[in-house]
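Novice: TrEMBL lists 23-288 with the feature domain 'NADH:quinone oxidoreductase/Mrp antiporter transmembrane'. Summarising the annotation, TrEMBL assigns domain 'NADH dehydrogenase subunit 2 C-terminal' to 290-343. Marked as transmembrane segment by TrEMBL: 7-23, 57-76, 96-115, 152-171, 178-196, 202-219, 240-261, 281-304.
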Amino acid sequence: MNPYTKLISYLSLLLGTTITISSNHWMMAWTGLEINTLAIIPLISKSHHPRAVEATIKYFLVQAAASTLMLFSSMTNAWFTGQWDITQLTHPTSCLLLTAAIAMKLGLVPFHFWFPEVLQGSPMTTALLLSTMMKFPPITILFMTSHTLNSTLLTILAITSAALGGWMGLNQTQIRKILAFSSISHLGWMTIIIIYNPKLTLLTFYLYSLMTITVFLTLNTTKTLKLTTMMTSWTKAPMLNATLMLTLLSLAGLPPLTGFLPKWLIIQELTKQEMTTTATAIAMLSLLGLFFYLRLAYYSTITLPPSPTNHMKQWYPYKPTSPQVAILTSLSTTLLPLSPVILATT
């Protein structure tokens with residue numbers, strides 16, 4: 001890919017995200033989302049593989065439909081109330097349409113079908129952007145409109161996302177698809193709490209992004225794309241694979257790692273809101289995700305292939321781990337003791 005094209009795409013992504021998260025008017029938010037969609041398309045299709053082209057078309061169609069639905073929602077609200085301000089979304093039909101549009105953009109169940117396929121067809125760095133940065137503008141819009149949205153509908157979307165994200169991830173062997181279902185499951189956790197404590201949703205998103213970036217960069221360093229190659233990747237970078245195991249367990253939400261903090265706070269907040277049944281249900285559903293994280297962790301460090309492989313074992317020259325991956329791994333595993341400071345700043 002031409003370096004100038006890549007630079008323009010990345011700058012456009014930054015511009016689109018900045019426009020959306022800083023706007024108060026619906027048209028500006030929509031413009032930022034459209035810039036984002038158009039900027040990521042060359043990055044998804046840069047390999048020119050049929051799977052990449054298919055992923056690009058799926059992504060474009062879904063995002064275009066979601067943006068149209070969002071624009072229709074804001075126009076309906078403006079028609080009935082005369083308000084174009086994002087925080088003044090009060091018409092019930094508009095709230096319903098916006099919830100559907102944001103669910104499509106994020107990949108929440110039942111609008112999740114495109115996300116694993118697009119991630120599977122994208123290069124690892126683009127999959128990283130799709131899982132983290134591209135989720136930020138829709139979550140910001142959800143954050144700004146959270147006080148007017150239907151709490152029952154959001155709770156149903158969240159519980160089903162946590163359930164299907166964990167359930168469908170169990171049967172996957174492609175690592176990008178596993179991480180896609182992991183993302184759907186985490187989005188369920190973010191959505192369930194946004195009505196009651198929107199800042200906690202943002203904190204969950206930041207910590208999820210931190211851990212996901214670490215996992216993607218580690219896998220990109222070892223060039224691991226599926227479970228069978230993961231079992232032999234320890235020969236390339238043994239220490240990196242050992243820290244990958246900790247990051248995966250953190251993503252699963254095990255104490256005393258960083259990923260335990262958002263889940264602990266969300267369950268605590270749901271209990272304060274007298275939603276004990278919901279808190280119990282989503283905590284039980286996180287066990288499904290824990291299973292495939294444990295499987296990834298097990299494959300990454302503990303096992304060799306159970307049967308002899310057909311290809312020759314390769315020796316890899318030692319390559320030092322980049323400082324970025326080292327810093328991100330440290331943050332992904334050791335932030336729990338700093339939770340009082342984190343809570344004080346949010």
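Including glycine, each Cβ sits where the backbone N, Cα and C put it.
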Novice: If you count every Cβ pair below 8 Å, which range out of 7-23, 202-219, 240-261, 281-304 shares the most with the transmembrane segment (152-171)?
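Specialist: By Cβ pairs under 8 Å, 281-304 leads among 7-23, 202-219, 240-261, 281-304.
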Novice: With a Cβ cut-off under 8 Å, give me the same-chain residues at least six positions beyond the ends of the transmembrane segment (240-261) that come close to it.
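Specialist: Beyond its ends, the transmembrane segment (240-261) has Cβ neighbours at 182, 207-208, 210-212, 214-215, 218-219, 221-222, 233-234, 286, 289-290, 293-294, 296-297, 300-301, 321, 325, 329, 331-337, 339, 342.
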Novice: Across the domain 'NADH dehydrogenase subunit 2 C-terminal' (290-343), what does the mean pLDDT come to, as a whole number?
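Specialist: Mean pLDDT, the domain 'NADH dehydrogenase subunit 2 C-terminal' (290-343): 76.
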